[in-house]
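*Asks:* If you look up TrEMBL, you'll see K7, K8, L9, L10, R11, R154, L155, G156, Q157, G158, K159, G160, Y161, Y162 marked as ATP binding site. Here TrEMBL flags L53, E59 as substrate binding site.
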Amino acid sequence: MALREAKKLLRTKVRASLRALDAEVIAEQSEAVARALWGSELYRSCASIGIFLSMPQGEIQTASIIRQALADQKRVYVPRVGLDFEKFDMEMLRIDHLLSSADEIETMWPRNKWKIPEPPVLEGEEQLAYADGAASTIDLLIMPGVAFDRLGNRLGQGKGYYDRYLEKHSATPPTLVGIGLTPQFLNDDETIPVTEQDVTLNAVISPSSGYTMI
């Protein structure tokens with residue numbers, strides 16, 4: 001109970017700081033993180049990348065990362081959770097072969113209850129490739145979070161989507177990189193309350209410190 005309450009208080013604190021950021025600051029910090037990612041060996045060497053699509057407000061924007069990954073001809077996977085919210089389940093679906101332009105994500109894709117674009121449900125889903133086996137392994141998974149610390153701990157939104165996804169695909173684990181805006185990175189003397197079941201990141205990228213391996 002104490003752990004759950006500590007996480008809840010930290011989420012409240014960080015979310016309040018994020019609400020204070022205006023769109024210009026979010027855009028600047030998002031681009032700083034994107035540049036640091038593109039310059040990393042992890043990005044340059046990966047053949048496939050999984051990355052989240054951003055909420056409209058209060059979150060780092062990932063559109064430029066997705067656009068560059070498509071331009072670099074990487075296999076690109078994005079989450080879809082909207083088919084059954086009650087299951088708190090998530091799949092990563094390959095999209096690079098479906099798009100003629102990255103603009104289609106914003107202009108043509110349906111949005112879930114958080115107003116986040118998600119891959120449309122296609123009849124039979126023959127065109128969608130799920131990241132569910134060795135043939136479709138995600139090399140690099142870019143993870144969102146409410147907060148991150150210097151030890152590579154991540155505080156999520158509390159729904160457990162990524163925890164369950166990673167547990168289900170633990171046979172072929174990707175390299176995990178957390179990205180966020182400045183208020184989401186704790187001071188060096190602060191840590192996120194975690195359990196043994198929580199997954200540790202391999203690296204984090206912040207707007208001020210750039211790319212940091214754990």
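The chain as shown is numbered from 1 upward.
Note: Cβ is positioned from N, Cα and C throughout, glycine not excepted.
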*Asks:* Where L9 (ATP binding site) and E59 (substrate binding site) are concerned, what is their Cα separation in Å, rounded?
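*Replies:* The Cα atom of L9 (ATP binding site) is 19 Å away from the Cα atom of E59 (substrate binding site).
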*Asks:* Counting only residues 6+ away in sequence within the same chain, which have a CB under 8 Å from the CB of Q157 (ATP binding site)?
*Replies:* R11, P144, V146
*Asks:* K7 (ATP binding site) to L53 (substrate binding site): how many Å between their Cα atoms?
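*Replies:* Cα-Cα distance, K7 (ATP binding site) to L53 (substrate binding site): 24 Å.
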*Asks:* Round to the nearest Å and give the CA-to-CA distance linking Y161 (ATP binding site) with E59 (substrate binding site).
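*Replies:* So the Cα of E59 (substrate binding site) lies 17 Å away from that of Y161 (ATP binding site).
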*Asks:* Measuring CB to CB from L53 (substrate binding site), give everything in the same chain under 8 Å that is also at least six residues away in sequence.
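*Replies:* In sequence order, the residues whose Cβ lies under 8 Å from that of L53 (substrate binding site) (at least 6 apart) are T62, I66, V78, P79, I105, I116, P117, E118.
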*Asks:* Far apart in sequence but close in space: which same-chain residues, 6 or more away, have a Cβ under 8 Å from E59 (substrate binding site)?
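*Replies:* In sequence order, the residues whose Cβ lies under 8 Å from that of E59 (substrate binding site) (at least 6 apart) are L18, I26, P144, L181.
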*Asks:* Counting only other Cβ atoms and using a 10 Å cut-off, which of the binding-site residues K7, R11, K159 scores lowest?
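*Replies:* So among K7, R11, K159, the binding-site residues given, the one with the fewest Cβ atoms within 10 Å is K159.
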